[in-house]
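Annotated in TrEMBL:
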DOMAIN    61-186  domain 'EXPERA'
DOMAIN    217-351  domain 'EXPERA'
TRANSMEM  33-52  transmembrane segment
TRANSMEM  64-83  transmembrane segment
TRANSMEM  103-128  transmembrane segment
TRANSMEM  140-162  transmembrane segment
TRANSMEM  168-187  transmembrane segment
TRANSMEM  219-240  transmembrane segment
TRANSMEM  269-288  transmembrane segment
Amino acid sequence: MDIPPLAGKIAALSLGALPWSYALNHVSALSHPLGLALMSALILGLLFVAIYSLSPGEIYYDPLYAVFAVFAFTSVVDLLIALQEDGYAVGFMEFFTKEGEPYLRTAHGVFICYWDGTVHYLLYLAMAGAIHRRKRYRNLGLYWLGSFIMSILVFLPGNILGKYSSEIRPAFFLAIPYVLVLCWAGTRVFSQSQAPTCCTPDVVQEEQRKGILRRPVDLALVIYLTLAAFFTLFRGLVVLDCPTDACFVYIYQYEPYLQDPVAYPKVQMLVYMFYVLPFFGLAAYALIFPGCSWLPDWALVFAGAVGQAQFSHMGASMHVRTPFTYRVPDDAWACFFGCNLLYALGPHLLAFRCLWWPAFFLRPPPGHLDRHKKDQ
């Protein structure tokens, strides 16, 4: 997969978030939640107008260029929020975390800001650079799509259901256009043409003749998916207050963060159980039976989703903003870190395997199959 060069114009524009946030932090009118929400919407609107005036050709070629440019700006804002909450920056976004979205001051909020300000930011620059040079960015888009969807699926319900439910301010409703834009962007990313493959019909047919035992990498992935599915189901039962001794021991001795009243870890485990668990089963099926052409795309989506989720979950489990009683115990740290790291790496290895050698998942041309039957 070719990684396009980053978009320098978007990078320069996004860095404008630094003086903007510093100046707005000293505007007394923003001490009112409604004024803050209106000012945020106005800034995003002005930013869109500026992007359109600077890059009309790119937006005409692909409207997602404007979306990535605006989101790159907000990614810098999120990074400033995370750095400020951890004490590495002062005087930038204090007004927003106090009057706009106070739940961003939680450990989970800090780590989704770190992810958005680093991983998402680089993805936005790369995808905008690809649009500028008229190149494909489908694979990067699918990874970003899964990551962004997972962050929303956990963060928004967690805000409503957790202990910060009474702290919801008007700025929370700015998430509605984000969700709508995400749905539209997802349809555009999926509708893009796939990169051509170098696999010939003969290579595809030869690869698909091999059983799972003749494909050791796929066999290892199937074993991983099976174990990860059991682990996903187990943690889902834990947050549902399963009365078994194993669940009791796990939640008190290994992952007490699952009991944190902020509700993000509980929502995360339920999202895993209802969405990621079925994917693990379908992916194992696709690794055993050939011709499942949907797996490479969805492997990228779920790699992004699990990567974002595990980064936020692992970081929040050990962060100082999480109450001490809910942090990972010192004697269980190695087990917790190892299991969760493997859980995060597995989907990425699956996506890499699908992209590196996709022959097993391709459908041979019908004409080639007919010729093969005649030759037999």
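Glycine is no exception: its Cβ is also placed from the backbone N, Cα and C atoms.
Here the transmembrane segment (103-128) has Cβ contacts under 8 Å with residues 3-7, 10-11, 14, 58, 64-65, 68-69, 71-72, 74-76, 78-82, 85-86, 96-97, 137, 140-141, 143-144, 147-148, 151, 154-155, 158-159, 162, 164, 167, 262, 264-265, 307-308, 311-313, 315-317, 319-322 of the same chain, all six or more residues outside its ends. Residues of the same chain lying 6 or more positions beyond the ends of the transmembrane segment (168-187) and with a Cβ under 8 Å from any Cβ of it are 33-34, 36-37, 40-41, 64, 67, 96, 99-102, 141, 145, 148-149, 152, 156, 159-160.
In terms of DSSP helix, strand and coil, the domain 'EXPERA' (61-186) has 103 helix, 0 strand, 23 coil.
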